[in-house]
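The next block holds one structure in the form of structure tokens; read it before the comments.
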Amino acid sequence: MTQEGQLEKRFLDYLHSERNYSEHTSTAYENDLSDFRRFLNEQAIIEYQQVTFLDVRIYLTELKQKSFSRTTVARKISSLRSFYTFLLRENVITENPFTYVSHAKNQLRLPKFFYSEEMEALFQVVYEDNETLTLRDRVILEVLYGTGIRVSECAGIMLSDLDTSYQAILIRGKGNKERYVPFGAYAEDAITDYLSGRIELMTRFKKTHDSLLINHYGDPLTTRGIRYCLTKIISKASLTRKIHPHMLRHTFATDLLNNGADMRTVQELLGHASLSSTQIYTHVTKEHLKSTYMKHHPRA
């Protein structure tokens, strides 16, 4: 491994062990470093210590010419700034060339959410029969919409994480932070109806694990597997616009705020470290109110 490769590995290990970053986040940093290393090779720059402010400006220009979104450019620069801050702390460099690099302010991108009639169409799909895998899909949909957890968090649910007496689930979120989220009667009924079929399927394939969600071989259902299940549900519901599974989380937050929930509670339920991450949903509700007004009021 080259010296530069060793520096990258030390940084990624630091993110994982000391900052408790998730594998998904660490992978994003690794990809950003890889892209920057490609750029440096093209510029015949061998060592990270050789990078100057001018080199950074050239790289920033290249990113913009490749039509990356402002959000992507901002993330890449943030990743590299963090990397060079780490190198500075480790006394590998004496000055961070990313310190004074600015980028265009991120555009406000409002989260997309499902409308009530779309949610009804999705639920119709998972309530059409009581086959074990349909019951599992029902659990996925009821839990994701009923709790607002991330798809990756849903994949990590163990039977031991379920507290049926309080109707709550122990969730391990980003940075391995734990939180309890409540779930309602629909999710509870879905889980209860599914568990006997889960046991039968696992017994058939001689599986012995604690994961709540399983695939057709009785193995734990992965994040990718849940996304695949949701994609099939969405397809069967014949929804016309372009949508994605994460919209269930957006819908959960939007529906809570539309029905009077306070911002701090929604923040806790979503597992957001910062209130600013939650406040984006107030823009969604305002836009929805305005759209409804403009569409239906005779003097709009």
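Just so you know, glycine gets a Cβ as well, placed from its N, Cα and C.
Taken from Swiss-Prot, the feature active site applies to Arg150 (among others). In the three-state DSSP reading, Arg150 (active site) counts as coil.
Listed in sequence order, Tyr21, Ser22, Thr25, Gly271, Ala273 are the same-chain residues at least 6 apart in sequence whose CB falls under 8 Å from the CB of Lys174 (active site). If you look up Swiss-Prot, you'll see Lys174 (among others) marked as active site, on the strength of sequence analysis.
In the three-state DSSP assignment, the secondary structure recorded for His246 (active site) is coil. Positions annotated as active site by Swiss-Prot: His246 (among others).
Taken from Swiss-Prot, the feature active site covers Arg249 (among others).
The 10 Å shell around the Cβ of His272 (active site) contains 17 further Cβ atoms across the protein chains shown. The active site annotation in Swiss-Prot covers His272 (among others) and is backed by sequence analysis.
Using a 10 Å Cβ-Cβ cutoff, Tyr281 (active site, O-(3'-phospho-DNA)-tyrosine intermediate) registers 24 neighbours. The active site, O-(3'-phospho-DNA)-tyrosine intermediate feature in Swiss-Prot is assigned to Tyr281; the stated evidence is sequence analysis.
Summarising the annotation, Swiss-Prot assigns domain 'Core-binding (CB)' to 2-88.
The domain 'Tyr recombinase' annotation in Swiss-Prot covers 109-294.
Confidence in the domain 'Tyr recombinase' (109-294), given as mean pLDDT, stands at 90.
Note on the domain 'Core-binding (CB)' (2-88): DSSP counts are 70 helix, 0 strand, 17 coil. Counting neighbouring Cβ atoms within 10 Å of each of the active-site residues (Arg150, His246, Arg249), the lowest count belongs to His246. Ranking the active-site residues Arg150, His272, Tyr281 by the distance of their Cα atoms from the Cα of Arg249 (active site) places Arg150 first. Annotation: Arg150 are the active-site residues among Arg150, His272, Tyr281 whose CA atoms are within 10 angstroms of the CA of His246 (active site).
For Tyr281 (active site, O-(3'-phospho-DNA)-tyrosine intermediate) paired with His272 (active site), the C-alpha to C-alpha distance reads 12 Å.
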